[in-house]
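Student: Sharing the record's features from Swiss-Prot:
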- 55: active site, charge relay system (ACT_SITE)
- 99: active site, charge relay system (ACT_SITE)
- 192: active site, charge relay system (ACT_SITE)
- 67, 69, 72, 77: Ca(2+) binding site (BINDING)
- 22-152: disulfide bond (DISULFID)
- 40-56: disulfide bond (DISULFID)
- 124-225: disulfide bond (DISULFID)
- 131-198: disulfide bond (DISULFID)
- 163-177: disulfide bond (DISULFID)
- 188-212: disulfide bond (DISULFID)
- 16-236: domain 'Peptidase S1' (DOMAIN)
- 1-7: signal peptide (SIGNAL)
- 186: site 'Required for specificity' (SITE)
């Protein structure tokens with residue numbers, strides 16, 4: 001049993017398979033988490049806070065905002081170091097329950113047309129909702145092929161029955177599945193921690209899966225709507 005995404009990119013991380021290159025700066029809330037290299041994604045939810053996955057934890061992270069091609073300087077980037085990295089207190093590294101983390105930036109990001117925040121969910125999203133996942137993760141489920149430019153994939157939230165049948169006994173109430181049971185399109189290594197945005201709200205964080213884009217093995221995402229109170233209380237107390 002191989003968990004594909006449940007490690008930052010230097011081990012085995014998560015990436016977009018079967019997607020397309022995002023329109024430049026169209027996902028302006030997307031962050032690249034770096035420690036000398038890109039290892040996970042994140043989402044800017046305020047000028048000073050980024051949401052990612054707890055399995056992406058490092059004590060010191062450089063957050064890169066306004067990025068499209070992470071290999072070159074495009075003039076729109078903001079590089080800001082973390083001052084606090086806060087894993088969810090109930091994160092379970094064995095089953096990846098509560099796979100969510102907050103990063104406080106050392107200074108506020110400047111919000112503009114290249115760097116913007118994404119709204120937290122006003123309510124949970126129902127199955128069938130169409131969403132956008134993005135990241136710089138692996139383009140292939142079978143080999144290593146990491147893109148320089150941000151990739152996007154439109155995908156639906158799957159029913160909890162489909163999710164539970166794909167991963168019996170492994171899906172908690174803090175997870176949901178999204179993608180395509182027939183395979184071929186999925187997030188993958190290097191996408192971990194990145195956004196799943198539905199109707200302008202951050203509903204998911206890229207968490208784990210079995211391989212990438214495999215038949216009957218959709219991607220599994222942290223259910224952000226369950227964490228609104230933890231996010232707001234953590235931000236206000238830090």
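Glycine residues also receive a Cβ, built from the backbone N, Cα and C atoms like all the rest.
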Student: Any idea what DSSP makes of residue 192 (active site, charge relay system), helix, strand or coil?
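Tutor: Note: residue 192 (active site, charge relay system) is coil by DSSP, not helix or strand.
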Student: Return the count of C-beta atoms lying within 10 angstroms of the C-beta of residue 198 (disulfide bond), excluding that atom itself.
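Tutor: Cβ-Cβ neighbours of residue 198 (disulfide bond) within 10 Å number 22.
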Student: How many Å lie between the Cα of residue 188 (disulfide bond) and the Cα of residue 40 (disulfide bond)?
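Tutor: That comes out at 11 Å between the alpha carbons.
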Student: Going by C-alpha positions, which of the recorded positions (22, 131, 192) is nearest residue 225 (disulfide bond)?
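Tutor: Result for residue 225 (disulfide bond): the nearest of the recorded positions is 131.
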Student: Cα-Cα, whole number of Å: residue 99 (active site, charge relay system) versus residue 55 (active site, charge relay system)?
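Tutor: With distance taken Cα to Cα, residue 55 (active site, charge relay system) is 6 Å from residue 99 (active site, charge relay system).
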Student: Between residue 177 (disulfide bond) and residue 186 (site 'Required for specificity'), find the distance joining the two CA atoms and give it rounded to the nearest Å.
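Tutor: Checking the Cα atoms of residue 177 (disulfide bond) and residue 186 (site 'Required for specificity') gives a distance of 11 Å.
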Student: For residue 67 (Ca(2+) binding site), what is the secondary structure state per DSSP, taken as helix, strand or coil?
Tutor: coil
Student: Restricting to the binding-site residues 67, 69, 72, 77, which ones have a CA within 10 Å of the CA of residue 56 (disulfide bond)?
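Tutor: For residue 56 (disulfide bond), the binding-site residues whose Cα atoms are within 10 Å come to none.
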Student: Per residue, counting other C-beta atoms within 10 angstroms of the C-beta, which of the recorded positions 69, 192 reaches the highest number?
Tutor: 192
Student: Mind giving me a neighbour count for residue 99 (active site, charge relay system)? Other Cβ atoms within 10 Å of its Cβ, every protein chain shown.
Tutor: 31
Student: Excluding near sequence neighbours, so keeping only residues 6 or more apart in the same chain, what lies with its CB under 8 A of residue 186 (site 'Required for specificity')?
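Tutor: Counting only residues 6 or more apart in sequence, the Cβ neighbours of residue 186 (site 'Required for specificity') under 8 Å are 16, 17, 18, 141, 153, 179, 180, 209, 212, 213, 214, 218, 219.
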Student: If you count Cβ atoms within 10 Å of each one, which of the disulfide-bonded residues 40, 56, 124, 212 comes out on top?
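Tutor: The most densely surrounded of these disulfide-bonded residues is 40.
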